[in-house]
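Asks: Structure in structure tokens, see below.
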């Protein structure tokens, strides 16, 4: 089916009002116009001023309406319906095999690059445990092109998604992918990692039913559930890091909003030094960092 993809600002604004009358959040519909339709945020703000202007969309308004209605009726994430998600300075392919990358996780990369810069390390070896879509791995490969990278996940489909994103979004990246549980597939390199990042599942299983249906029913439970207290995977990552990291290597971990004390205590008890935390975009303790002695 072929649709016309040139629309006036007035047509787009009328369409937007009609679609919002069906339900949903304005911020989500604007996201769809931006990422699905190719109408940038700044252009969207200008429509009210320049209503006689014309704009070419990547998808027609009819096609965007079909996506919006499916999002509302089936509560499927818009990212899954359009098959992509912007993250940092690139756009990831996404599907139901892996968690949709969250904006707050970008901070983990910022922390990592600060630690690398502080150590003036041009060469090194990093690992991304539970890589999922490969968001962290792609970001590290792009920022540290001379480093050797390793991305691991226990889900074959997620690993295939990560491989696709790494191949598409990095140029000649030296990244190896491994199938297995956390540190286990990286045994041959234990004691030789300079940097390890992880965003493991950390939702207590008793809280899963409280999640938004868009998340609960369409993102993999394997990437959400952290066991009884939400810390099962965090424990494995932290305890394994003493074997996996070299002396002077950094562990950077994302955890739930109320798990900072537990995570930092685990790091201290495991023998790490310079144990500290960083806040997320809302000012909440979300990241634990520690140096292997």
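Cβ coordinates are placed from backbone N, Cα and C, and glycine is handled just like the others.
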Asks: In Swiss-Prot, 130, 131, 132, 133, 134, 182, 199 are given as binding S-adenosyl-L-methionine, so which of 117, 153, 212, 217 is in that site too?
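Replies: Within the candidate list, Swiss-Prot flags 153.
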Asks: Sorry to bug you, but what's the C-alpha spacing from residue 200 (substrate binding site) to residue 153 (S-adenosyl-L-methionine binding site), rounded to the closest Å?
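Replies: So the Cα of residue 200 (substrate binding site) lies 10 Å away from that of residue 153 (S-adenosyl-L-methionine binding site).
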Asks: Looking only at 130, 131, 132, 133, 134, 153, 182, 199, which the record lists for S-adenosyl-L-methionine, tell me the maximum pairwise CA distance in angstrom.
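Replies: So the binding residues stretch over 15 Å, Cα to Cα.
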Asks: Taking the Cα of residue 201 (substrate binding site) as the centre, which of the binding-site residues listed as 130, 131, 132, 134, 182 lie within 10 Å of it?
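Replies: So the list reads 130.
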Asks: How many other Cβ atoms are found within 10 Å of the Cβ atom of residue 199 (S-adenosyl-L-methionine binding site), counting all protein chains shown?
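Replies: For residue 199 (S-adenosyl-L-methionine binding site), the count of other Cβ atoms within 10 Å is 27.
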Asks: Rank the binding-site residues 132, 200 by the number of other Cβ atoms within 10 Å of each Cβ, and give the residue at the low end.
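Replies: Per-residue Cβ counts within 10 Å for the binding-site residues 132, 200 bottom out at 200.
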Asks: Closest to residue 200 (substrate binding site): which of the binding-site residues 130, 131, 134, going by Cα position?
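Replies: So, of the listed binding-site residues, the one sitting closest to residue 200 (substrate binding site) is 130.
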